[in-house]
Structure formats: C-alpha cells, structure tokens
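Participant: Dropping a structure here in structure tokens format, bear with me for questions.
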Amino acid sequence: MVFKLSPASPAGKWLGFVTAVWVQAISGNNYTFSNYSDALKSLMGLTQLQLNSLSVAKDVGKAFGLLAGLASDRLSTPVILLIGSIEGFIGYGVQWLVVSRRIQPLPYWAMSIFLCMGGNSTTWMNTAILVTCIRNFRKNRGPVSGILKGYVGLSTAIFTDICSALFADDPAKFLVMLAIVPFVVCLTAIFFLREIPPSSTAAEESDETKYFGVVNVLAVIIALYLLAFDISGPHGGLFSQVFAAVLLVLLASPLSIPIYLAAQSFIRSCANTVDAEKSVTEPLLAAEAEKKVAATSLAEVAEKRRPVLGEEHTIMEVLKTVDFWILFGSFLCGVGTGLAVMNNLGQMGLALGYADVSIFVSLTSIWGFFGRILSGSVSEYFIKRAGTPRPIWNAASQILMAVGYILMAMAMPGSLYVGSIVVGICYGVRLAVTVPTASELFGLKYYGLIYNILILNLPLGSFLFSGLLAGYLYDAQATRTAGGGNTCIGAHCYRLVFVVMAIACVIGFGLDVLLSIRTKSIYGKMYGSRKAKKSSVSNLQ
C-alpha cells in the first residue's frame, strides 16, 4: 500500500494547522509599531499627535479587512494568504526604505498609505487562518481561537526578541524582518492549509482535544522561554545567537504532531478516510441537533423562519440583532483602549524616564499570549462542563483592565510593568473569547465577514483612544523641541488618558454582563446537547 499524505488525512489536517500557527506567529507585526515609532518621529519631525495619526493609519488598514471577509466566501485559502503576504511585503518594505534612509522620507500622506497596507495585510492572513481552522475544528472553537490568537500575541515578542538578540534593536533591520518573514511563512502555508471536513465521531473529537493540549503546552514553553530572555538582562552575541536558534526549534516543535500521525498511519498501513463533510454553513446548534435521533429536533431546524441565536444568520440578519451591537460595543471598549496603550508604550516609557521601552512591548505581547491561550481553553471547558456563557470572561477581563489603567494613572514605581502585563492579559482575553463567540451566536457561513466587521473596532478604537484621546492630551502637556516635534516627561503626560480609558472599560464590563445574561439560554442548550451526545455514546458502548 502506497502511503500518501493528503490534506484530508489526520496528518495532513494537522500539518495545515501547524502552518496556520506559524502564520499567526508572524502576523502580529501590526502590534510592533512602538519598536520603530520613535525612529519615524525623529526622522520625519512629527508631533505626538501626528505620530499617533500614523499609528491610526496602520489600524485603519484593518477597516479594509471587510474586503478579506467578502473574499473568504469566494476565494480559496491559498489565494487569500498570497494577497496578504504580498501586501505586507510592500507596506513594510517601503517603511524599511525610509527608516534605513535608502530613500528620502515620503510625504506624510504617502507614509500613511504604506502603514495602512501593512495593517491591512494581517486581515487577509488572519481571515484565511481563522475561518479555515474554525471550520476544520468546529467542535473545539475555544482552543483553536486561543492557540491561534495566542501566537499572534507572541509574534510581537518573537520579532522584538530576535531583533534585540541579533540586530541590537536596530529599527531598520526590524522592519526588514516585518517585510520578509511573513511573506516567506505565508508561502509555506499556501501549500498545506486547506478547508477539509471536521471531525465526525466522538473519538476524533477526543483526539483533537488531546493534540490541542500538546500544542498548548508547547506554546506555553515558548512563551516562558521568551519571558526568561526578556527578564534576564543584557546578553552577549553568542548567547543571543543560541537563543534565536533554540527559539526556531521550539517554533518548529508542533510539527511533532503531524509527523507522529503520519508515522502511525504508515506503520499501520491503513488509510484514514473522512466522512463527507456536511455543509460548511452548518451552525453549532444545528450541527448538534442533526446528531440527535429525535425527529422533532430536526423538524424544528427545518421549520425555522427567522434565525435565533445559535443558528445561521445572513449579514443583514446579524446587523439587525441587538446582541451583535452589544458585542461590538464591548469589543470597542476593550480592544480600543488596549491598542491605545500598545501604540503609545514607547512614549509612555520615555515619559516615565525609561531609556529602553522594548521590555514593555515584550511584556504586553507575552502576557497577551497567556490571556489568549488560557481564556480560549478555559471558556471552552466551562461551556462543556456547566454551559457558562463565553462572554462572561470578557466581562472579567474588562474590569481587570480598568484596574490596570488606574494603576498606570497613579504612576507608582513599577506601575508601568504591572500595567503592561494586565493590559496584555485582558486584551488577549478579549480577542480569544470574542472570535468563537461570534461564530457560536451567528453561525459559520458568513463568519469571515462577521469577524472583519467586529475587527472594525481596531481602527475605530485606535482613532478614538490613540489618535484623538492620547494624542491630544499628550500634546496639551508637551513642550516643543528644536526639530519641530514635541516631548513630555512626567506622570502627568498620560494620567487623564488612563482615567478615561478606565471609565470606558467599566462601560464595556456592563455590556458584557448584559450579553452574558441574554445568551445564557443559548450556551445552556450547547451544554445540554453535548451532554446528551456523550450519554448516547456511553450507552452504545
């Protein structure tokens, strides 16, 4: 018997997921603006408001993610990845040409366009990865979202630490990495990642859960390794090179899963076949209902006229629901304020007298990873165990984020360290929990577009909290410099910014609690259907 590794085989399915993890590990380049923003500010003679407006242009690129959402139902995964990789190569490549002084600084409007292209490139990558993987592993949406979004969070630390280790924090070389590495990794994923049938048996679902546990452990090891490098102080050249080599080995370690499955299949000499996939438009509750033998449940699904939460929604039906706009508003309060901190970490650190601010960028990234990966798995566990509404975890993150902003406003010794960690964790929770929540409430058929409508909160939040709030309030406290820019030193520079953002998070907390109450019955049905399925399997055994 000839052994063949097809995308639909277990080994091929997991090989595609591993390449998806790699894409996510390099697609957080949009969160690294603080690493080279100071170089742009001095090179172009910008005020803080102008610099923040550039960061908003970067986030505005995500508003055009609606194009990626529309394309996700019409173009294949490889084509969507190719578009994103080429756009990112151009966007960050031109920024590198400017920062490295190979060309003269471009006009402000032109730089805004190329930052916008860099930001938009990640929407194509993320849409291709999230839509494909959630459809491939729809019975484990929480772990899938947590792992993939977790690696997005780690990507900032990966880029930052490798640049620090090999290039001494040179902003020009950092931008070279942002241009080339995502392009190469996406080309790799193009060959292996495909949309294939999801698991159809309890045994397959159990195996998936086990392998996701392995990926979680490997991801935590990578995060701890990066954290150890960050807190261990300055390093010599040889040590830094060894660090980078070991990091690459760790990033490749998830390959052990498809290799194991391929070897297992080869040794047993048996071909693993996958049952024909039901329509990809199948929503979660309908999927579970069709598993049941009760004809009444099937009749209810067939007779539905206006979809309810948990069933398939068209885009217009989604936009007409109150629950979507509650989710949208709470998401804005969380990610908008989080982005304002990430975009201004460099200036926040300098205002408080820190010469090296890269540590804060890495802390936000690494702890954001823990927030993403833990919230995805924990929220899934409590849904399966007790039917706990997933949005309740968003509510918990919002109130914790508000506390973090109050600590940063007080500007006590070490408060920026604590604040960076808290904001990273809570921002990660928001992303990892909101992604599967949208698919559970509104279905998978138009999920690519629904996801990108929610992601509009990134440019909107960046504009409101970073471009307007942080920019104006900072400039109001700053003094002019000789080069035409401005600077501000002291805790007062961002104090009012933090207070306003804390209030926004309290509002978001209220919205998340409201959504949890409104969706409690939906998650109760999910829990009940899964419990009934397990009981029927046990009885058959």
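The backbone N, Cα and C atoms fix where each Cβ goes, and this holds for glycine too.
A TrEMBL annotation is a machine prediction, not a hand-curated record.
Heads up, here are the entries from TrEMBL:
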- 13-259: domain 'Nodulin-like' (DOMAIN)
- 311-523: domain 'NFD4 C-terminal' (DOMAIN)
- 79-98: transmembrane segment (TRANSMEM)
- 110-134: transmembrane segment (TRANSMEM)
- 146-168: transmembrane segment (TRANSMEM)
- 174-193: transmembrane segment (TRANSMEM)
- 214-232: transmembrane segment (TRANSMEM)
- 238-263: transmembrane segment (TRANSMEM)
- 324-342: transmembrane segment (TRANSMEM)
- 348-370: transmembrane segment (TRANSMEM)
- 391-410: transmembrane segment (TRANSMEM)
- 416-437: transmembrane segment (TRANSMEM)
- 449-474: transmembrane segment (TRANSMEM)
- 494-517: transmembrane segment (TRANSMEM)
Participant: For the domain 'Nodulin-like' (13-259), provide the mean pLDDT of the predicted model.
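Facilitator: Mean model confidence (pLDDT) across the domain 'Nodulin-like' (13-259) is 85.
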Participant: So, do the transmembrane segment (79-98) and the transmembrane segment (238-263) meet, by the test of 3 or more Cβ pairs under 8 Å (sequence gap 6 or more)?
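Facilitator: Touching, no - the transmembrane segment (79-98) and the transmembrane segment (238-263) miss the threshold of 3 or more Cβ pairs under 8 Å.
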Participant: Counting Cβ pairs under 8 Å to the transmembrane segment (146-168), which of 110-134, 174-193, 214-232, 238-263 comes out on top?
Facilitator: 214-232
Participant: When each of 110-134, 174-193, 238-263 is checked against the transmembrane segment (214-232) for Cβ pairs under 8 Å, which one has the most?
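Facilitator: Most Cβ pairs under 8 Å with the transmembrane segment (214-232) come from 238-263.
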